[in-house]
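For 1-15, the entry in TrEMBL reads compositional bias 'Basic and acidic residues'. The region 'Disordered' annotation in TrEMBL covers 1-32. For 46-454, the entry in TrEMBL reads domain 'Amino acid transporter transmembrane'. Look at TrEMBL and you will find 75-99, 143-161, 194-211, 218-239, 259-278, 290-312, 337-363, 372-393, 399-419, 439-456 tagged as transmembrane segment.
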Amino acid sequence: MSTQRLRNEDYHDYSSTDASPEESPSEGLNNFSSSGSYQRFGESNSTTWFQTLIHLLKSNIGTGLLGLPLAVKNAGLLMGPLSLLVMGIVAVHCMGILVKCAHHFCHRLNKSFVDYGDTVMYGLESSPSSWLRNHAHWGRHTVDFFLIVTQLGFCCVYFVFLAENFKQVIEAANATTSNCHNNETVILTPTMDSRLYMLTFLPFLVLLVFIRNLRVLSVFSLLANVSMLVSLVMIYQFIVQRIPNPSRLPLVASWKTYPLFFGTAIFAFEGIGMVLPLENKMKDPRKFPLILYVGMAIITALYISLGSLGYLQFGANIQGSITLNLPNCWLYQSVKLLYSIGIFFTYALQFYVPAEIIVPFFVSRVPEHCELVVDLSVRTALVCLTCILAILIPRLDLVISLVGSVSSSALALIIPPLLEITTYYSEGISPLTIAKDALISILGFVGFVVGTYEALYELTQPSSAPIFINSTSAFL
């Protein structure tokens, strides 16, 4: 696509906080359909290739990364890394399909930019089926629905993550030492239930999401990025030391646990919603495909290495987040707190996307003098909803797997291949491409069904051990 194409300033970019609109979500979406002002690429607020690469990396690194060692356990020491590699290749391919189809409709309709929902809607309008053409607007609604479910699912995961890590740090505070290597038994001091920790975080997260300006949130985003980067370096520094003999670890795990691997892995790889906004903001969009492939190669290597090394280090004792397996010394307790601080501030950024879609729906139906009250009330209700869901499902591994299976699989694997078929079918598309797209969508749908079923089934089973314990090889 030409570097001289225009950029719609009214489009709300969810990918980063560096060039976001000053107005609140309710103000911005009221004008979403207006003609707005336009500006050519290459201006000062466009991103360089390096900035785009950084945004791509940080949009794919979160709690899903920390759950990958358990995902490798659910797949097997050999099957896990191989499956992560295949899933990474397929996910990148689907991202490329989305970008290609978006470019196609930009040229065809003479538009400066189309987002994920627009692309699916225009794809259905190009379908040879009259029924799909007449119901094309449901394509946008479907994408918005799964986007809301995914982002609010992330927020539920954050509640559980914060509760687990803070509970563990506080319970082990009296026994925390400065020695990170000697094996010793630690008796945890029982405190309140993890669900009460979630309720403790609730008012603080409500106040955080009251910040409606992403330029203000960008400060918190920087703090989150720095704290999470330092934590990851310390986690790698620990798991590469004195790796136990892996001979007792199964190369291929039971097929019954593989659906849980699928849900966790696709949860980690679900960054497709950020692709088009990132490409749209570049000074030279022609470089984006290369950046996409390089960035996702780095991310896939990071996922495989952390998942494999974490499983090798902790074996069968690996928990829903690898931070829960770190030793009970002040250095690694600080790692848990640092990563938790990053996740806390990231909550507001993940929450911004569903708020942009949901809040204006209610604000537009009340008098002007009530808009602020309704805006804040809806935000409070949504945060409370994520807290309630987290309380109902207080197991980090199952929350991640369930969110990944239900919504991330649809956005990342099921929809893009079908979009390619509907977009190019009337213009001529090879049978091999149709077969490839159908295979990817079918596999994504099977993962969606089986992964959701298995996660729900596991939730109904009583846990044989306390949910939140430190089970490193050095501590009981």
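Placed from the backbone N, Cα and C atoms, the Cβ positions cover glycine too.
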_Among 218-239, 259-278, 290-312, 337-363, 399-419, stretch most in contact with the transmembrane segment (372-393) (C-beta, under 8 angstroms)_ = 337-363
*Are there at least 3 C-beta pairs under 8 angstroms linking the transmembrane segment (259-278) and the transmembrane segment (439-456), leaving out pairs fewer than 6 apart in sequence?*
yes
*Between the stretches 143-161, 194-211, 218-239, 399-419, which wins on the count of C-beta pairs under 8 angstroms to the transmembrane segment (75-99)?*
399-419
*Could you tell me whether the transmembrane segment (218-239) and the transmembrane segment (143-161) have 3+ CB pairs under 8 A, leaving out pairs under 6 positions apart?*
no
*Other parts of the chain folded back onto the transmembrane segment (259-278), taken as Cβ under 8 Å at six or more residues beyond its ends*: 11, 13-16, 47, 52, 55-56, 59-60, 64-65, 67-68, 70-72, 74-75, 80, 83-84, 87-88, 91, 94-95, 98-99, 102, 113-116, 119, 147, 150, 253, 288, 292, 299, 303, 353, 397-398, 400-405, 407-409, 411-413, 416, 447, 450-455, 458
*asked:* Out of 194-211, 290-312, 337-363, 399-419, what stretch is closest in contact terms to the transmembrane segment (218-239), meaning most Cβ pairs under 8 angstroms?
replied: 337-363
*Taking residues 6+ outside the transmembrane segment (399-419), which of them lie with a CB under 8 Å of any CB in it?*
63-64, 67, 90-91, 94-95, 97-98, 101, 116, 119-120, 123, 142-143, 146-147, 149-150, 153-154, 156-157, 160, 259-260, 262-270, 272-273, 320, 390, 393, 436-438, 440-441, 443-445, 447-448, 450-452, 454-456, 459
*Can you name the far-off residues of the same chain, 6+ from the ends of the transmembrane segment (337-363), with a Cβ under 8 Å from a Cβ of it?*
12, 14, 17, 25-26, 28-30, 62-63, 66, 144, 147-148, 151-152, 154-155, 158, 161-162, 165-166, 169, 201, 204-205, 208-209, 211-212, 214, 217, 220-221, 223-228, 230-232, 273, 323, 371, 374-375, 378-379, 382-383
